[in-house]
Structures are given as C-alpha cells and as structure tokens.
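Since the structure comes first, as structure tokens, the remarks are kept for the end.
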Amino acid sequence: MNTHGVLPLEFKYIYIPLSRRRTKDIYKKCLIFSGDRGPADPIAPTIVIPPRNTSVVTGTSEVTMECVANARPLIKLSITWRKNGVIVNAGLSDFSRRLTILSPVVSDAGYYECEAILRSSSVPSVSAGAYLHVLEPPQFVKEPEKHITAEMEKVVDIPCQARGVPQPDIVWYKDAAPIDPVKTPRYRVLAGGSLQVNGLLPDDTGMFQCFARNGAGEVQTNTYLAVTSEYRPEYYRRASDSTVIDGMSVILHCETSGAPRPAITWQKGERVLASGSVQLPRFTLLESGSLLISPSHISDAGPTLAWPATPGASMRPRLTWWCQRDCVIHDLWCVSMLRRHVWEKEGSVINVQSIPRMKLDADGTLHISQTWSGDIGTYTCRVTSVGGNDSRSAHLRVRQLPHAPENPTALLSASERRAIDLSWAKPFDGNSPLIRYILEVSENNAPWAILLANIEPESTAVTVNGLIPARSYQFRLCAVNDVGKGQFSKETERVSLPEEPPSAPPQNVIASGRTNQSIMIQWQPPPESHQNGILRGYNVRYRLTGLPVDYQIKNITSPDVTNLLLEDLIIWTNYEIEVAAYNGAGMGTFSHKVTEWTLQGVPTIAPGTVRAEAVNSTTIRFNWAAPNPQFINGINQGYKVPPERWPASPGVSMVTVRPNFQDNVHVGYVTGLKKFSEYYTSVLCFTTPGDGPRSPPKLLRTHEDTPGPVGHLSFTEILDTSLKVSWSEPSEKNGVLTGYRISWEEFNRTNTRVTHYLPNVTLEYRVTGLTALTTYTIEVAGMTSKGQGQLSSSTISSGVPPAARASTNIAVTNTGPRSVTLQFKPGYDGKTSISRWQVEAQVGATGENDDWETVHQVSNEPDARSLVVPGLNPFTFYRFRMRQVNIVGGSPPSQPSRKIQTLPAPPDMAPANVTLRTASETSLWLRWMPLPEWEYNGNPEQVGYRLQYSRAGSQGRALTHMIADRLEREFTIEDLEEWTEYEVRVQAINGIGTGPWSQPVRGRTRESVPSCGPTNVSAFATTSSSILVRWFEVPEPDRNGLILGYKVAYKEKDSDNGVYFWTVEGNATHSVQLTGLGKYVLYEIQVLAFTRIGDGRPSSPPILPRTLDDVPGPPVGILFPEVRTTSVRLIWQSPSQPNGIILAYQITYHLNSTNSNGATVDVLNPSARQYTVTGLKAESVYVFRITAQTRKGWGEAAEALVVTTEKRATSRPAVPQKNVLARQVLLTWEPGSDGLSPVRYYTVQLRELPENNWTVHSASVNHEATSYIVSKLKPFTSYQFRIKATNDIGDSEYSEESEAITTLQDAPDEAPTILSVTPHTTTSVLIHFGGCVSYIALFTSHTELSKHKRYEIRMSVYNAVGEGPNSPPHEVFVGEAVPTAPPQNVAIQSATATQLDVMWDPPPVDAQNGDIQGYKVYFWEFQRKNETERLRTLFMPEGGVKLKNLTGYTTYMISVAPFNAAGDGPRSAPTRGRTQQAAPSAPSFIHFSELTTTSVNVSWGEPTFPNGIIEGYRLIYDGLSRMPALALTPGVSKTVTVDVKGTGPLWLKLRDLAEGATYNFRIRAKTFIYGPEVEANITTGPGEGAPGPPGEPYITRHGSALTIQWSSGDPGRAPITRYVIEARPSDEGLWDILIKDIPREATSHTFNMDILKQGVSYDFRVIGVNDYGYGSPSLPSPSISAQKVPPFYEEWWFLVVVALVGLIFILLLVFILIIRGQSKKYAKKSESDMVSLDEGRFPALELNNRRLSVKNSFCRKNGVYTRSPPRPSPGSLHYSDEDVSTKYNDLIPAESSSLTEKPSEISDSQGSDSEYEVDPNRQKTHSFVNHYISDPTYYNSWRRQQKGISRAQAYSYTESESGEPEHCTAPPPLPTLPPNCAAPEGSKGYKTTVYLLKWKYVFCECFTMMPSQSRTYLGYSTKRTTGVIDLGILIVSTGF
C-alpha cells in the first residue's frame, strides 16, 4: 500500500473516438496519467517533448517554445530555461512548460535550453535545447538616386546595400533582364552589393533594379542611368571604297562615337543624299550612320562625303561599278560602236519604251530600276552592224525577303516536362543567306509575343522549355536575311500542356482560435503561375503540435472556399495546421506550418479531497487538492468557495482563493457566516471563460454562540405596584435557547436590582412589588449554553401610561446633495426611553397631500436632538416630519418642516445598454439608454452626455463629443477612418460634473475602397504591343480593408476610346505585363487597388509610356479619282496603324492577268498621298499594292483593282439580310454592279426604333466583304439597317431598309443600387433599392434570418436569360427591429386645467420585435402642430403618462409611439383631449386715447391664452402721485375697481380724473377665476408740447341756438389741428366733450340747444388739439340756461300745490320716524334711480348734498345728449375708504363707506334706446335727478322719477356663502340697524345713514351734515337690464 499518497505516473497516448461519421472516425488524443500502488520512489526527469528549432520573422506577435517533461513526484518537477546559458525568467507559463517571446526581435535569437530538475532529490537533471532564428526582412541601408548621369568610358558605382537576417542576397537587373557579370565583365557586383559599371557605353543607358532577398522577404529599388559625353565625335569605322554590281544594294560604312550621338549626313557633290531630315529614294541612313543604297545605280559612282553634325572629320569613299556575266546584276552595261542594238530576255525582245522601269542609253546600256523577282532571267544584247553581228548574254538574279517557313508543327516533348518540340521546313532564302529565325508564341489565345529571337539559320527544329502546365500554346516563325524579315508562317495547331499538381502552396495562411474547441483557418490561393491547372479544392491537415501523431485531413472541394472552421478539437490545445491546393493532376505542396491554440475552456472536474470544518460561530475552513491540470482546460485562475445556507437564504458572499502552484494542498476561509447555521460546502476551480463543476456538497454547521437581543419588548397592564413585561424570541438565537434572564431596578439605583431566570418557553412576566410613580429600568436577555445574550432594556414609570408625543420645532440645516440635518425638540417620552427616531418625508413634494414615506430610522439614541438623514436624492424636493417610538409604540407625526431641495450632484450612474454598430465606412452608430429622471441629480436642462472614442489599442488622445439633449439615446460618430476598430464609452453630465464612464464598447467601421492608389508606379515598353507595369502596395492607412487585388487602367492618350482594365488577383503580385496593345502608341496608365467593396482611387499622376515601333499596317482609303484609258491617279491615306514614323511608301502595280513578277515598283516620300501612273493599257484591269515603311521595315500592303476605262458607274448593294443575337447582328448582302469601278468600301448605317435618326456604325467595311457584324447594340431593342457602297465615282444610294430587327434578350448589365437596408423584424430586413426610381423589397429567407447576426446583403437583377452582376455589399445587423405597430386603445382623461392623463395598451406581441423599452408621447395643440408639438419620452414600458404644464381649456392631439433597442415604431393615430378651464393669461395690451386733463378712453385686448370661456374683466386704477387737492380730502380712496361682464366692448370712458396726475391701470380677465393682470401708467393732460388755453369763451343766444366765440391761444410745439368744446352743468358737474372736430381756423361755433337738457345751466370751455394731444382748457364761460319756455310746473300756483303736498309728506315722514326711533326697529326702504347715459352708455352712481354741485356729463346717442355719471360703467364701483373723490371737500368723513355695484349679464348693445326715452320721437331726455336737483322747488324730495321712463334691472347683487353673486327675485325684510349708525346724544347736526341692502348682507354708510345743511341726496343710476332691481337703500337721519 502506498502510504505517501503520491501515485507513480506513466504517460500513455490513447485515441478516443469522438464521433462516428460515414467514412471515418475522428479520434481525440488524450494523455493518460496512470498510477500503480507501488512505492513512491523518485523517477528521474525525462523530456517528453523537447524544444524544436524555430524560425520566425520580426513583426510576428509572439513565438512559443515548448518543453514537456515527466518525473516523479510531479509536484517537485521544476523546469528552467536558459538562453545562451543565461537563465530566462520572463514569458514562462504552464508550469514553465512554455516559453513565450512577445514580438520577437533579432536580439531574441539564440540557443534556448530547458532543464528539468527534480527538487529535493539526487536524481540527475536532463536538458534539451533548440535554436530560435529570428529573421528580419531586408531593409535598404543605402539606395541609389532615382536618376544617375555619367560620362562615357567612365566608371560608375550604383550603390545598393541592404541589411537583414540572414544577410540578403543582392541581384541586379537592367531593363528587366538579369545582369550576368560573367557574360558582361564590365559589370561587377561589389562586396557590399553595389554595382560597378566600367567603361560606360551608350548602350548602358537604361533602368537598373536592385533586389535584396532573404528568407523573410524581398525589397527592390531602382535608378535610371543616363550615359553622356562632352568630347567631339570621332570615327571608329571609317568609310572605304566599295565596288558593287549595278542594281545591287551597297552599304557605305561610316560609324562614329560621341555623346550625344552625332547626326550623320551623306552628300554627293552638292546633293544631300541622306540625313536626319532628308532622305531620297534608294538612299537610307541606317542607325549606325552607314548609308544603304538600294538598288545602286551607275550614276551613284564617284566620291561621296559623310560627316557628323558636329564639325569633325569627313570621309570620301569611292563607289565603283562593274559588270560581269555570271554574277548577280541589276543593270548590264554593254558598249557597242554600232548604231543598232536589241535587248532580249529569255529569247523575247524587250520593248524598252513600254516599260517605265527600263531605259536604253544611246551607247546601248540597259537600265532596269526597282528590280524585283520578275526581272530574274538571262538577258542578251544583240548588236547588228554593217560589219557584222554579235551578242552577249548575262544572267540576272534579285535578292529579296525570305519566304515564310513551311509546315510548322508543334508536339509535346516526349523527353522533357513542360516542353514542346517545334519543327518546320526550310524556306526560300530570297537569294540571300538566312541570318536567323524568329519564333513567336500565343499563350492561351493571348496576343503574339516573341519567344525566341535568334534561332540558328541551319535549324529546322527547336524545343521550347519553361512553359506553364495546363496552358495552351500556338507558334509561328519567320526567317530573316540581310534584306529583312520575311512573312510569318502559318500558325501551328494549338498544343495544351497537361496539368501538374500546384507547384506552390496557398499563400497567407492564418489561424485564429474561435472557441475552446474550434480554430478558424484562412488562406489565399497559390499564385496563378503556380496553380498548374484549374484548382479543384484544398486539403487542410492538422495535428497536435509537437506530438508524433498522424494528421487529420479536411477536404474542401470548392476552390472558391478559402477558409475552414476546424471543430471538435481539444480544449486549450496547440495545433499545427497546413494547407495544400490540388487540381486534376494531384495535390500540391503544403504551406508552412502555422500553430494556434484553441481557446480556454472551463475545468471539467472539481477539486478533490475537499474537507471543511467550522472554526468558530462565523467561520469555516476548507482544505482541498488541486484538480488534475489536464482537466483544467486552460490557465487556472483560482478557486471559488460558494457556501450555501440551509435552508436557502441570501446574503452569503463567494470567496475566491488564488491558486497555489507550489503545493497541491489549498486552504481557504469563509467568514461572516450566520452563527449556529447549517451550510452546504463545496469548492470549484475556474478559468477565464468560467467556472468548473463544484465538488460534492457537504452539510456543516457553525458553532453555537450567545443569542441576540429579544424582540418586541413591551409593557402592558401598568399599575402602581406592578406591570406586565412581554417579549418575543430573539431573531438571532445563535444556538439552542435554554431560558431567559429578567431583571429590574430603580432608575440609577443598582442596589435595588432584582433578577429572575425563566424557562425558554416563557415570553411574558408580571413584575410586582413596585413603588408607585417610580421610574424603573427593566432588562431582558436570552440564554444559550454559551451564556447570556445581548440585553434589551427600557425605562418606565409605574402607574403612568407611557404615551409619547410628537417632536416640535423641526428645522432643516446643512442641506447637501444626499443628506440633511434635522434639528428638533423632542416630544414627551411617556416617561420611558425613546427607542427609535423615525423620519418620514414627502419626496418631490408639490402639494400637502402627497404620500409620506419613511426615509430614515435611528435606534437607541434617546437623547438625540438632531439627526443626519442620509440616502437622499440630489436636487429633489423634500418635506420632513418625525415620529418618536418608545416601548409602547410610535407617537403622532410632528408638524412638517419647510419644503427644501437637496443640492445637485454629478450623476451616479452611467448610461446603460451601450451598443455600437457599424453605420458606414466612416461612421459608427452608438446607442444607449438615457438616465431616468430620478438619476439626473441636477437641473434637467443641464443634463447631457459625453462620448469618448479612440482607435482600439491606440495610445493617442481620445476624441470627445458633447450631447446637450438629456433624452437623446443615439448618436452617429462621423469622420472616422475606414475599416478601423474604435473603442467608445459614454458618461452622463449635468451642471455640477460628470458621472462614471460606461463600460467601453468596440466597433469597426465598414470596409471601404482604398482611398489612394498604389505608390511608385512605373512602366516601360517591352515590345511593340506590351508594357510592363510595376507598383508598390497601397499605404496601410489608405487600404481601408483587405486588398483583394489590383486593376491596371490604361487607355490611349488623347483618344476617345474607353479605358481598359487588366485585373491582377491577390495582393502578392505587384507587376503585370499588358499585352495586345497598339504599336507605337502613347498610353496613360494608372493602377488602383480593390477590396470586396469595390475599386479604390487610381494612382496619380498617370504615367505615359509608349510601345515600341513596328512595321506599319496597310494604307487606307485607296481611291482612283481620275481614271483614263492609259493613266490613273491614285490617292490614299496613311495607315490607321502606323506603328511608328512612316519613312516611305512603295507602290507596285501590274496587269491583273499577269503574275507579280512583271510589276512596276516605285518608292515615294512619306508625305506623298497621291500617285499618277501613265502608259497603261486601255480597257485593262490593274492591280495596285501600296505599302508603308517605318524603321522596322515595310508593312502590310493594301491592294486595289482599277479598270482603265472611262465608262464607270455606281450601284447600290442589295437589301441586307440578318442573323440576330443579343448585342450584335450579322448583316449579309449581295454587292451591286461595280460599273467598271471596283467598290472601295461599304458604309453601314442603323437607327434605333422608333427614332428616325440614322447613325453611321462603320464607314470602312472592306470592299471584298459581303457580310458584316454590327456590334455594340442594345439587347431587346428594335433596329433597322441599310448599306451603301463607295467606289472611285462616289457613293451609291443606300440599300432598301431592312426589316425591323429586334435583338435578343441578354442578362442585365448593371447591378441595382441598394439605397438602404434596415431591419424589418427580428428575422427579416427591409431593402430600399433603385436609382431615379426607388423600390422597397422585404427580404426574408425560407428559413428566416438568424437573430443577432450581421449579414451582408447583395442584390442582382435577373431575367429569362440570366443574372446580372451583384451590387456592392451592404451590412445589416439582424435581431433588432423597430416595432411595426403602434400602441393600442389610446385614451385621454382631463385631470386638471394643466394636466391630461393618457393611457394605452402595448402593441401586439408579434409586432413588438423585441422588448419594448419605452414610449414617446407626442402632443400638440389642435390645428397648431408645427408651432406647439412637444415630446415626452418614457424610458419604462409603462401604460400611461400624466402630461403636465399644459395650457388651460385647450384641445390637444396626442399620439404615442413605442420604441425598443432598434429604434422608434410607428405613431398611433392622434387622439383628442381637452384640459379643464384655468385662469386666463393677461390681456394682450392696454391702449389710451382722447386723453384730456380730466378724462381718458381706456381700451384693452383679449388674453392671448383665454384658458376657458371669458366671463368678464376687472379694471383697477389709482393715482400714483398725491395732488394738493387730494390732500385736502383725507380718507377718500384713490383706488377704483370696475368689473366688466361678458366680452362686450373692451373699452371704458373715465372722466373723474385729476389734471396732471399719473394713474396706474391694471386689467385682468376672468374665466371662473381671475388671471394675471396687465399694467400701464398714464398721466392726464396737458402734455408737454400741447396747445395752451384759448381765450375765455363768450356765449350769445340766438333763439334756440347758442354761439360760442373764443380767441386762439398758444399752439404749442405743433400747429393746432382742431378744437373741442366741453360742457358741464353749472352746479359743478363733470366736464364732458360736447362737440368734436371743430376746424382749426375757427374761432366760433354755433349749435342748437336741443342737444342740451332743458332748464339746466351749463358752463362751456374750449380745448385746442395738436399732434402732441389735448391742450389746456380755456376758462369756463359764464353760465347760461338751456331753458327755452318755462314748463307748467314752474308756475307759481303749481309750486304752492307742491309745497303743501310736500309739507304733508314731511309731517307723515316725521311721525313715522318717531315711531321707528322709539322701537329702534324703524327702517326706511327707498329706491333711488337716476338713469342717464354717457357717451359709452354706461350707468353711474352719485352721492351729493345740497351744497354739492350736480355733476353732469353729456353723451350723444342717436343725436340725443344725455347726462352721464362721474364714474365709469359697466363695472362695479367699489368705494372703500379710499374711493370717494376729494372734490367733495365739504363732506365730513364717515366712519365707514362702501358702495359696490355689479354689472348685468347683458351688454349695452343688447338693449334699445326706447328704454330710456319718454317718447321715441323726442330728441332729448333727462333723468328725474337732473331735473329735480336743478329745481329748488324739489329740494325736500328724497326721490322723484320722471314719468314714462321705463327702468330695468341693471345689476344683480347677491353673494352666496362662497362669495359669488346670486340672482334673487325679491328682497328680504330689512335688518336691524347697526349700532354704529345711531345718533349720539347731544347731537349738533344730522347724521344720515344709508343702508345698501344685498341679500344676506347689510352695508352701512354714514354721512354727516352740518346744521346749516338741509338735505342729503343719494342718487343711483342704472344701466339697462332685464331683471329686477335687488338693491335697496334705506336712509335714516339723526341729530347730533
């Protein structure tokens, strides 16, 4: 038995099948530790997995070296790492098994050795090591300049030095060809890598490239070397005499040197033969400077001079001509002395005159110019003379271009791979030995390119090596002799090389761990040149790193898939992965191994040997052993000890213990547990991803302890000598209760203590033997086996019920953001101690009826006089009250404190639910949940948010953005970098400070196109049809995504042709050869990079390379405008493809019936465009061929036929036929008759139906063609075509129009434009797409989109033919969608005048698309949406809201919209609701007009916000300055109140004002209550600048008319504009305007007395008016009576009768008063109504006595002037102690004076004038008051009324208990007179008491008269009304 507890370990590898698939089993390799029960002897360490040699490139994130060892005991195994013998301590992990070097650099390279040591043991250690090679990519230390200039024959060094690890190899290229110093000894690569060129020559000029390569990469630099010289030209090959046969070509050599290269000129005599600007036929200046004469002529013999352009040496070579028989000759020279000679060729006589090329001299010499193959033959010269005949013959041969090789064949090589055997037959050499063959190749139908340029002339076969598998090749050859390059042979059959396995591995293999059991592997295909066929797929193989196990292989059968997720891997395990591509030929090479770890997992087993024991009553100690490291599945982060109370109870915290790697035994303590409680104990191990399983739980109890205090200690049945004590068991027993201990003692007298012990079941006890009215302290405590628990005590007085009372004098001090201090005076404690103070508060209190809630409690502080209340909310209103709790219970609450507001504080919380989404290539969409209102902690208007964002991982300064809207919950961060990851966080701010930051979230902007092109773009021509383009990568900041490849854009410069693109897939290739280009054409070339989003910006500026020159194409536009029977004139245009500089044209012609051997040849200068030929044969057909020449040779010939006749005509072709495709139509036609003038070309026109315009498609269709393909047509479009022919005569008519031809359908050309993609539901998206016309499509897949995933949406258009291209991708996040339905059942209730309660139901569940996070309530005033719309946002999914602070009595429209995390849903239909009435706003304005010294018109505007139905207005005015006249009348009020009912005329006429006084006017409107008032001041006239007083008026009477005259006064500051006449009754009535608008020039005015009241005396005065206002009035005029004829009642007899009647009435009245006075119950009821109308038809109330002058005013109504009162109306006249005007200066002040008048419900405009007239036909009327007060006869009458005047109720006065007026129909009995109105004894005068009676109230006014006064008069005038007068007046006079 093993007593040491350590098992010997043995490592074994087994394979466990994880899952059974169809064809194979997947096995998981496990490392098994097995142990036996043998003795625990140490086992020496062994290294199971040693370190391996590793190579890594600098810039790699990390490199890991692994060393796994085994020993026993394993716990004592220690691994030490050394680098080059030095111990390494950093980067160790997994018990030192792994050494990780972060970001390795070169200095990290070295020999790393791990040593395994068994501590505390004598066994030997073991070690193993490996080399770490850190490769550094090449970097140039020294680079050449971009341009180097050097002189010829000098030595130049081109620097190029690079460093790297290993040291890079330097390779040099010149003009893209490698430099071989062996072949070119002048080129030498120096030791540092620089290139040295010795003996510079002009040919050294060119582009030099330096490549530095090592195993880590490659870099290159370049320079351009220009070789120049400053020395004079020199000949290095001088001209020499040459001898040549006539007609042969000859070269006169003249080669010079110099820099720049000299220009050579050849001259014979004074004639320049050839130079750079002059070139004669037959003379060609070669590039070397030599002169080519072809063919030579005998006239060329003689000295010829050649000299360079720079003055220097010259040469005079001599040309000698000779003739012999058997040699190649051009001209034969034969001299005969005979007069007659004949030349023959092959026995036929030559007609020299008929052949222009032949000329016969007089000496018999035959000249043949422009020889060609037809001139070959034997020539015989026959001479005849008198003396005899003779003949000589010579054979003429002609050198020409070689023919094309014949029968070229191409076959796959049987002996070599990637090779083709090519063979051909030797062609005719053109009578000149062949120099070489040129072989061209076409790869995969690409343009022809030169493959081999120097094949030996003797060869008839060649093997082409270095070809690429799986590509097809086609070849052609041409032969070259000293004449030039011949025609190419016909092409060989296309030969395809067989496929081979890919010769290169996939590129850029990257692996990354995705989960704890999966790794994502990504790669790019092998380079195209190494794919060796069509890729069929990839093989991915992987295995555990460093273990000798087999690979597992994944096969990918699609070449388009370049990523694979390896699943079902082992958790937290390192894998090595390789990828290989395969094609039809087999598997290619595998890539370099990449290693990657699966992510960590959670432990799969729990810690073992868990033991737990209680240390004390609150602590448990745990011991456990660490789990097997193999099952931790990651890095052990520690252990968690989660005790769980039994039964379950919250509040137990988790304890975390860090791992102990030095010892297998771990110890942990859990404290703060409940005493004597049972817990389930277990331990778990956790890693970064999460927790592992718990160990089996064990039940354990903590130790017993003393109990806590008993609960609910209370006293009942309190008597003088006893009381009953009750309690409950302690809430914390902490053990088994054994009993209770109770004791009591007199307060502060311990010697009186009495103690009893009670059993544990006793919960009450009666204490006896107490002393009455004595204070006792009683204590109770529970007991366990551990002793006595905590005491609970209280004091109480025997015989006194302990009732506590409320605290008083609560004061709030030290107000802070979260706390206040309450100071208070405690209430009565009931003679027992206060056990708890309880603080209650109204939170956010706005009214006294808000709920109270407990906010703080303090226990066991009975003597407290102040409390600190913590835990309050900042910037919140509170009102506090207190309760004090004693042993009986709580007291009543105290009186509330004043309302306070806590101070503001920064926000406490960060915005929640912060999410970040990609918005576009340069923006991110940030979203968060705004703070709830109760978290603002300050003024809501100052609450906002601050965003902070920066690049992820960047150390730079972060950018911030402020958002002032507290309700904002989203923001789009703009102007970001494309394809960049950002980190964003949010915090709330208010006026005090900032809150905490939210947790950072990360998001990446969308991939975009590159923002700039590749750098260092260069290009140079390699052939006449190809250009090599090179570039560097796009700079990293401008890539904006993953570069998928490059596009080379090229176009002909200054051409209208479109831009062509050459695509290069992948980011590894940075060069391309453009082929198939135009020859000798200048191109604009730019390079751009593209990502999956699209193309980036092209490089700038464009580069301008030109292709090399070549032989030209055929001339075009051949026409014969003049054709005669023996001559023609030929015109042409230069070739459409000149392919270089045209140097000459060659014309060849012959009869069509003969072969070309007899053709005539002529060479013309390059500017020639016409040629005339004569001496032709009539009515014959000739063939003309025109060829152009560049420096590369003669090009392709253009051929044309012509008939030498003058009978020519034109005819049009037949109607074309058709063969229709989608984008082209094949037209065929039958040519018409050429009319003996051959067709030169055809013109094709088309038109698109239904349009009528014909357009030319091509005007140069070949004359031999009978069909033509019309291309570039639109699919599915109707066209018509027509054709015309053109010959030398001109154009034919167009053919008949073809039938309407409709092209076929084709797949769409363009992709649709996606305008937006938004989530529609949680599983679908809404796509808005289109261009000028937009469409909307709802996209859902058959299986629905997956939630919480990001999708990439592309669209394409398809039709019946096929599918068009895809649109650029749009990204969308699916899983969050806005609600698609509004809230339901929206209802509105009117709560108050400013509040509406809105309720609703949430949207249907299927339309919510997620959790509803809140609602937005939009509300606005009806029909004023744009001006008044407001928003209330609820951030809780509540079903209602109270809208406050609304406008009273206003209709609102309310709409509710839900929102969730994705955004806002639709609004509900607007619902209407109206608030209740409220106080109106102030009237909109006050306006004053007609301001005089004593009157003014006041008008006002309606309230802007009536907030209900306007019932009336109240106007109050008073004087602001006390005038001296006012001071003489103390006790008279200056304040007047007028109530105006209804909405009738909003103006009043006020007359009883003081001159020059300032008045304050206040007006407010009323609904059911009064609103705020509007205020304005006005000062009575005269104003500054107003006119002065006119002269005193003088009045004259003329019958019934009066004339007033006056004199003008001071006009003031402006001219007088008019005059006004005022009048008043002579007894001191009020002045009123009588006549207005008297012309300014008038000084008198006449009016009829009918407008005055009869029998009344009047005073008049005049007032001038100017632009400054009314001026000062004139002095009053003398009084004049308005009485015409005395009425009957003024006769003496009538007066006597009236006096007698009055005496009787007085006696009766005195009798009644005596009776009433005795009983003290008499009262006099009387009514007094004086009705008169002023200008505004307002009634007034007067109170006068005998000596008080009657105040009259005048008002015109329908031409009738009536008297108006001194006070305004309609309205209520409230005469308080400050009400009566001081002009009543002879009144004695009364004790109390009050008169109130209420207006009627009917406005003035509702009555008729007849109510105030005796006769409707009368023009005047006046009240009884006006009459009798002016008549001394009626002084003793208290009240009289004129007969016939109807009087209606004007005002109704009753007040209910609430103070509001009520209408009544009958007055009540008169009340008893108040005592204060009784006459005192010893009266010295009369005191008259006036009672103004209103229902339920009596108002008493006392007026005092002196003994000399004989009457007091009370007058009352009413306005029109329709009710009953409810006002009674009782007058009682008493003496004093």
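Here the Cβ of each residue, glycine as well, is placed from N, Cα and C on the backbone.
From the options 499-518, 999-1018, 1459-1478, 1759-1778, the stretch TrEMBL describes as region 'Disordered' is 1759-1778.
Contacts between the domain 'Fibronectin type-III' (910-1008) and the domain 'Fibronectin type-III' (1382-1478): present, as 3 or more C-beta pairs lie under 8 angstroms, all at sequence separation of six or more.
Between the domain 'Ig-like' (45-127) and the domain 'Fibronectin type-III' (709-803) there are fewer than 3 Cβ pairs closer than 8 Å, counting only pairs 6 or more residues apart in sequence, which means the two stretches are not in contact. The stretch in closest packing with the domain 'Fibronectin type-III' (1114-1208), judged by the count of Cβ pairs under 8 Å and taken from 138-226, 404-500, 505-601, 606-705, is 404-500. Counted with DSSP, the domain 'Fibronectin type-III' (1013-1110) comes out as 3 helix, 41 strand, 54 coil. In this chain, the domain 'Fibronectin type-III' (1586-1684) lies out of contact with the domain 'Ig-like' (138-226); the count of Cβ pairs under 8 Å, excluding pairs fewer than 6 apart in sequence, is fewer than 3. By number of Cβ pairs under 8 Å, the domain 'Fibronectin type-III' (505-601) is matched best by 1013-1110 from the list 709-803, 1013-1110, 1209-1306, 1382-1478, 1586-1684. Taken through DSSP, the domain 'Fibronectin type-III' (1209-1306) splits into 0 helix, 43 strand, 55 coil. Within the model, the domain 'Ig-like' (45-127) carries an average pLDDT of 88.
Across the domain 'Fibronectin type-III' (910-1008), DSSP classifies residues as 6 helix, 47 strand, 46 coil.
Summarised by DSSP class, the composition of the domain 'Ig-like' (138-226) is 3 helix, 51 strand, 35 coil.
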